[in-house]
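Take a look at the structure set out below.
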């Protein structure tokens, strides 16, 4: 191949609208070969510890992720090399033994809460996007999602938010906003900001030859 792939990082707190922004990018570039990689499939393999111990892990902390593996995979995709992407079992809190063979694409979107935390990973991105949404809105979205899709009780969601999600957001996620090239208020509802972002991606695509 002669073209160099473009890597777009999309981050923000839980419930900020990252997925909506990512979907908007994918829809806009549907005529291109595009790949979305979620950071949370790169949680560490925890097959060596018990299920009870896995439940105690703080999954909103940078150390929960196998960032070295993610960096090596993004670097390989930029070289148009095939990777063996992990498959994460969200019910067992560890990786499955199987992997997904992933071919490189023209546009690579990396989505996750902590993708801007490590400079090595930031340096592999052409565009860094932070989806900035009010804390109350993010909490309500997370509450409704976890109760509806994951069978959680209201009390358990609130407890996790106050004890883990909110402090980790304030300590690790919010500070990465300063590394973003583009900040999108109100997530996927901000169509003007998304249009500006996709225009920038198109401009870079034309230069990546």
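Cβ from N, Cα, C; glycine included.
Small disclaimer: the values here were computed from a predicted structure and weren't measured.
Feature list (source: Swiss-Prot):
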type: BINDING; residues: 12, 13, 14, 15, 16, 17, 18, 19; note: ATP binding site
Those binding-site residues listed as 12, 13, 15, 17, and which of them has the most Cβ atoms within 10 Å of its own Cβ: 12
Fewest-neighbour residue among binding-site residues, criterion Cβ within 10 Å, set 14, 16, 19: 19
Secondary structure of residue 19 (ATP binding site) (DSSP, helix/strand/coil): helix
Tertiary neighbours of residue 18 (ATP binding site) (same chain, Cβ under 8 Å, six or more apart): 10, 11, 12, 111, 112, 113, 131, 187
Neighbours of 12, 13, 14, 15, 16, 17, 18, 19 excl. site residues, C-beta within 8 Å of centre, ATP: 113, 131, 133, 138, 141, 187
